[in-house]
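Listed in TrEMBL for this protein:
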- 355-425: domain 'J' (DOMAIN)
- 2-35: repeat 'TPR' (REPEAT)
- 184-217: repeat 'TPR' (REPEAT)
- 230-263: repeat 'TPR' (REPEAT)
- 302-335: repeat 'TPR' (REPEAT)
Amino acid sequence: EAESFKEQGNAYYAKKDYNEAYNYYTKAIDMCPKNASYYGNRAATLMMLGKFREALGDAQQSVRLDDSFVRGHLREGKCHLSLGNAMAACRSFQRALELDHKNAQAQQEFKNANAVIEYEKIAETDFEKRDFRKVVFCMDRALEYAPACHRFKILKAECLAMLGRYPEAQSVASDILRMDSTNADALYVRGLCLYYEDCIEKAVQFFVQALRMAPDHEKACVACRNAKALKAKKEDGNKAFKEGNYKLAYELYTEALGIDPNNIKTNAKLYCNRGTVNSKLRKLDDAIEDCTNAVKLDDTYIKAYLRRAQCYLDTEQYEEAVRDYEKVYQTEKTKEHKQLLKNAQLELKKSKRKDYYKILGVDKNASEDEIKKAYRKRALMHHPDRHSGASAEVQKEEEKKFKEVGEAFTILSDPKKKTRYDSGQDLDEEGMNMGGYRKHLGFSFWLEAFFGGPGGFSFEGGCA
């Protein structure tokens, strides 16, 4: 009767109806629990159903009943290998080869098991070197032979998280949790992905859950501690910033940056926050450096580009500002970003013209009276008659400067031209050249025209 159940099981197995095959092999075992082949057949069925841990139990029972059962040893080895225990698999395949040294399947599976052992060794070394791409590669190769190994999947998922490939890592961890909701390693990886995506509060929940399942889970313990510390420091820094205590905010953000260099997204935000603090403290070069560090960590971080662009404008690095605003506008084509880009382009255009304010040595908000005074001073300083005894090269340079002073005064003393100049519009050349003073007026007459009489001024004594 047991043989009849086995034959029916074989028939269903041939049809790939593994659930029915399992039922009939179980009936055969119930009728005759000391038959090794029945356990071997049921092990093969469970393997086809992907239930390698249950299959391993049946395969082991089959060789306990009959140590010369070659297929039993092969199936035990295959289950060990599928579950990631390559050393145990090697022992099973070696026993099969002792019984049948020409067995081609045993020879091939023995090679496969040794390949997995080698991949494990390489992965372990590369994980310590933080070469996570190489670890993922090794685990992918190992999983071809050990598709049911949770340990390999978890290591791969952890490395994917370290590489910033969070959706892939989450998918691997979720697949494991569907089969085993108490798997502490999978819970840790889920938390790690959230932690690196700057969802720190949710991450802590997963770390705590992992620690409930495995209180001595070292990685989950460290990650949980780092997450809590990072969250607290960042919030304290934000509070200090809002209260206007920029020095304290700077210190807190700096301390937060030292907690976990692997948390790229959170650290990018911390660098940008510290850059904002530096800009408030007018440490613009430091602010630019912080924002640069932020975009190095996260090249999609719009806020950091905007902050750096403003600092570039404030330090008159207009080309760099335009480049950042172009990056922002390409990413987010909003009206606001378009206007910021246009403003920066205008400042760049203006920077390439002569800076008449600089030529006169006045601020851009200088009054009409201040512009006049500055002009008189600079015109006198560079007037050609004053440098008549200098070398030809010096005379030429001073004449050029005198001309520029005249141009500057012509524009900045005329409200309409000044408005056009300030707004970045192109200016007509007409009326800008003050070289006419040199051509048509002698120095004395020029002094009289500008200073109210030749006796009112002398080079030696200064203003009377």
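Glycine residues also receive a Cβ, built from the backbone N, Cα and C atoms like all the rest.
With DSSP classes pooled into helix, strand and coil, the tally for the repeat 'TPR' (2-35) is 27 helix, 0 strand, 7 coil. Residues 41-42, 44-46, 48-49, 65 of the same chain sit 6 or more residues outside the repeat 'TPR' (2-35) yet have a Cβ under 8 Å from a Cβ within it. With helix defined as DSSP H, G or I and strand as E or B, the repeat 'TPR' (230-263) counts 25 helix, 0 strand, 9 coil.
Beyond the ends of the repeat 'TPR' (302-335), by six or more residues, the same chain brings 268, 271-272, 275-276, 279, 284-285, 287-288, 291-292, 294-295, 341, 344-345, 347-348, 351 to within a C-beta distance below 8 angstroms of the stretch.
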